[in-house]
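What TrEMBL annotates here:
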- 1-49: region 'Disordered' (REGION)
- 88-123: domain 'EF-hand' (DOMAIN)
- 124-159: domain 'EF-hand' (DOMAIN)
- 208-223: compositional bias 'Basic and acidic residues' (COMPBIAS)
- 208-236: region 'Disordered' (REGION)
Amino acid sequence: MATDELSSKLSRRLQIEDGAEEPVVVDEGGQGHENGAGEEKAATANADSELGAKLMRRGELNDGVGEHQQPSMKVFNPYTEFKEFSRKQIKDMERMFKQYDAGKDGFIDLMELKLMMEKLGAPQTHLGLKNMIKEVDEDLDNKLSFREFLLIFRKSAAGELAEDSGLSVLARLSEIDVSTEGVKGAKTFFEAKVAAVNAGSQFEAEIRQEQEEKKKQAEEKKQRQAAFKNLQSAFK
């Protein structure tokens, strides 16, 4: 009902503007007619605005820009994005990151970074901690994601950090060597990337080594279980 009335009013207004219909003549002495015309005009204007908004919203949904659109999720793979580091180095960095991610939310905030630097024996001031985060905080959320944490070691390996900066101290005290194994002594990040391209076979070898170690551990576990069963049967 409301939709039909709205369409009728909009159609009538368009006909008046096109000259197809004469506007309603208002009696000068009839205050009631004037009020009625004013109310009708205001209602028509509001209806026009409301209909326009609905049509625009419908167009946005059809074009995929409305609320029904699913946000795109970009998957971060440290092994492909940080090829200048070996798998072992990245795992060591991930282990360290998780160790100080006390909130287990996938980020290291200012207080967690404060605790990290204190544990490393290099406490920082509040301003110093904020500057450390700011230097690699690409999304400006005032905390470190794992990717931004890896950027610290990338910058350190490429010689892009000031010697006395908090991030340089963090990388130096973390006991994760990125100066030779990861970048093959490269002085700049560009050289590091070139060196990383030639290290593809090493990456595959590391995967095979991990698989062999897991296989060996499984075999040792199987042998221990068999020995335990034999020991149990001896006492029966």
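We count from 1, first residue shown onward.
Cβ coordinates are placed from backbone N, Cα and C, and glycine is handled just like the others.
Fair warning: this is a prediction, and the values are worked out from it, not measured in the lab.
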Residue numbers, six or more beyond the limits of the domain 'EF-hand' (88-123), whose CB comes under 8 Å of its CB atoms: 78-79, 82, 129-130, 132-133, 141-146, 149-150, 153, 166, 169-170, 173-174, 176-178, 181-182, 206
Residues from the same chain, set at least six apart from the ends of the region 'Disordered' (208-236), whose C-beta lies under 8 A from its own: 87
For the region 'Disordered' (208-236), residues assigned helix / strand / coil by DSSP: 27 helix, 0 strand, 2 coil
The domain 'EF-hand' (124-159) - residue tally per DSSP class, helix then strand then coil: 23 helix, 2 strand, 11 coil
Secondary structure content, the domain 'EF-hand' (88-123) (per DSSP, counts of residues): 23 helix, 2 strand, 11 coil
Segment-level pLDDT (mean, integer) for the domain 'EF-hand' (124-159): 95
